[in-house]
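Asker: These came from Swiss-Prot, pasted as-is:
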{"type": "BINDING", "residues": "Arg39, Arg45", "note": "NADP(+) binding site"}
{"type": "BINDING", "residues": "Arg130, Ser131, Ser132, Asn251, Ala252, Ala296, Lys311, Pro312, Ile313, Pro314, Thr315, Arg337", "note": "FMN binding site"}
Amino acid sequence: MRYLTAGESHGQALTAIIEGIPAGLALSAELINKELKRRQGGYGRGARMRIESDRVHISSGVRHGKTTGAPITLTIQNKDHQKWLDIMAVEAVEEQIKFKRKITRPRPGHADLVGGIKYRFDDLRNALERSSARETAMRVAVGAIAKAILTELGIETANHVLVFGGIEVAVPEAMSFADIKKVAESSDLSIVNPKQEATIKAHIDQVKKEGDTLGGIIETLIHGLPAGLGSYVQWDRKLDAKIAQAVLSINAFKGVEFGMGFDMGYQKGSQVMDDIIWHETSGYSRRTNRLGGFEAGMTTGQPIVVKGVMKPIPTLYKPLMSVDTETHEPYKATVERSDPTALPAAGVVMENVVATVITKEILEQFPSDNMTDLKQAFFAYRDYVHHF
């Protein structure tokens, strides 16, 4: 499985071509649209979420509600593009139009300046448009297809926010995967403790008034994987490493950890490793899951627990200082439309990105020309693991 995305924030559309999806998977635009709607929700989102109501168009690779095994083409139109027809025109335009929304005062924390240097842009908008988090809408659409495959295999995914703008969410002890998923998805903050919602929303509102932004820490959970996905035989085949790369590829994500994560650096080995146990009906398991479902780059059969830290959105309504790239004079940075926080949406993106990596690994490890062969091989392997 592989895919490419294309498109700009204010361009005509986002596009993806996905190759390697098995034939025979039940797939509809509505299934993908439900996931896109999750991404557009969440407290603290701005005006664009009211402009855009993302809906995907499938133009290849699906016939009569089932995938054919051919490349799948997805398109999401940018409704906001109607206001940018001249500025984002493909064909050459007059000079006064060309520089109508020209950007020469890069925003700290964004791709503006470094992208302009690398690609020799005199208008930094070219870097801004492609590097925008708008692209994550298509990554969620791709993830929705990946999750459809995982669902067929009995694998579930969830995400929730652990730290919201410096406020730690008190996760109830021994909360089940099912409860985490249910409560987080019903919360417009994606948290599992409703008692903290008022406090966090007040914090978001205050930060918005200040023209500032908030980041946080998101946890993604994958439930139902067997032991043995990934490999230790080469560095680039370790599945946790692939997930880490994917998480860090999400806009504004600056760190990733599994299980106890960096807290392991403060503990002894006896307080970190997970005791191995065995039961005649379920086979091998672990008494705890401090390592987050991985050993030596392979799944252990425990739930995958991966955390990602998202920096505060760098576009500030009270901008930091910058330098004009034409005059080299100090100026306040450019202000583009932004949100005080996008943590709930980022959680949906992270969940789908991780799901895509895991699905790709499964499709590489098992026969995957069609769903019948994939399911037969996967369930046979799961049975083998239970009886090892």
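Heads up, the Cβ atoms here are built off N, Cα and C, so glycines get one too.
Just so it is clear, the model here is predicted, and its values are computed rather than measured.
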Asker: Arg130 (FMN binding site) to Arg39 (NADP(+) binding site): how many Å between their Cα atoms?
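Answerer: Computed Cα spacing between Arg130 (FMN binding site) and Arg39 (NADP(+) binding site) is 19 Å.
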Asker: By the DSSP assignment reduced to helix, strand and coil, which category contains Arg39 (NADP(+) binding site)?
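Answerer: Assignment for Arg39 (NADP(+) binding site) reads helix.
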Asker: Measure the Cβ-based neighbour count of Ile313 (FMN binding site), defined as the other Cβ atoms within 10 Å of its Cβ.
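Answerer: That number is 24.
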Asker: Any idea what the Cα distance is from Ala252 (FMN binding site) over to Arg45 (NADP(+) binding site), rounded to a whole Å?
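Answerer: Distance (Cα to Cα, whole Å): 16 Å.
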Asker: Using C-alpha atoms only, work out the spacing between Ser132 (FMN binding site) and Arg39 (NADP(+) binding site) and round it to an integer in Å.
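Answerer: Answer for this pair: 15 Å between alpha carbons.
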Asker: Let me make sure I understand the span of the FMN site: among Arg130, Ser131, Ser132, Asn251, Ala252, Ala296, Lys311, Pro312, Ile313, Pro314, Thr315, Arg337, what is the greatest distance between any two Cα atoms, in Å?
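Answerer: Binding-site diameter by Cα atoms for FMN: 43 Å.
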